[in-house]
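Annotated features, as they stand in TrEMBL:
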BINDING   10, 11, 71, 72, 73, 74, 75, 104, 114, 137, 141  D-ribulose 5-phosphate binding site
ACT_SITE  70  active site, proton acceptor
ACT_SITE  103  active site, proton donor
């Protein structure tokens, strides 16, 4: 069961960051806040995405995940996907959040802070966190990706 969440954001999520973290803490999750702070002004999303992605992959003692927010979720997704061992999903509604876990066993989700309301974002996060990987045919697909990734990094 997921208990530890690495959280990252850029300047686009300053206004909602604390509310999201409070929501997650109230649900019993341990939050590691690696996001930008409001006083920094405009920041480079890639710095925060890479930090969270590396920490999720290297945290082998916990069943941890990452949550990343930027303006559209796209930049964070591109950056985090570069880290070996990540399965990053850009979620844009409740169904995509649920399927990111059920079918793809995503260990990081990215969300567009400017594309969704706070309530939509919280619902997507909750749906992702309460979903379970279904395995079976989906595991075979992930194994194909993992094999390719291993070959490319050899």
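Heads up, the Cβ atoms here are built off N, Cα and C, so glycines get one too.
TrEMBL entries are annotated by machine, without manual review.
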Maximum Cα-Cα separation (Å), residues 10, 11, 71, 72, 73, 74, 75, 104, 114, 137, 141 listed as binding D-ribulose 5-phosphate:
39
Ranked by the number of other Cβ atoms within 10 Å of their own Cβ, which of the binding-site residues 71, 73 ranks first?
73
Distance check, please: Cα of residue 114 (D-ribulose 5-phosphate binding site) against Cα of residue 70 (active site, proton acceptor), rounded to an integer number of angstrom.
8
Run through 73, 75, 141 for me and report the binding-site residues whose CA is within 10 Å of the CA of the residue listed as 'active site, proton donor', in sequence order.
141
Listed recorded positions (103, 114, 141), ranked by Cβ neighbours within 10 Å, top entry:
103
Tell me the Cα distance separating the residue listed as 'active site, proton acceptor' from residue 141 (D-ribulose 5-phosphate binding site), rounded to the nearest angstrom.
28
Taking the Cβ of residue 10 (D-ribulose 5-phosphate binding site) as reference, which residues of that chain separated by at least 6 in sequence fall under 8 Å from it?
35, 36, 43, 44, 45, 48, 69, 70, 71, 75, 76
Would you count the other C-beta atoms found within 10 angstroms of the C-beta of the residue listed as 'active site, proton acceptor' for me?
28
Taking DSSP three-state, what's residue 71 (D-ribulose 5-phosphate binding site) in: helix, strand or coil?
coil
Return the count of C-beta atoms lying within 10 angstroms of the C-beta of residue 75 (D-ribulose 5-phosphate binding site), excluding that atom itself.
19
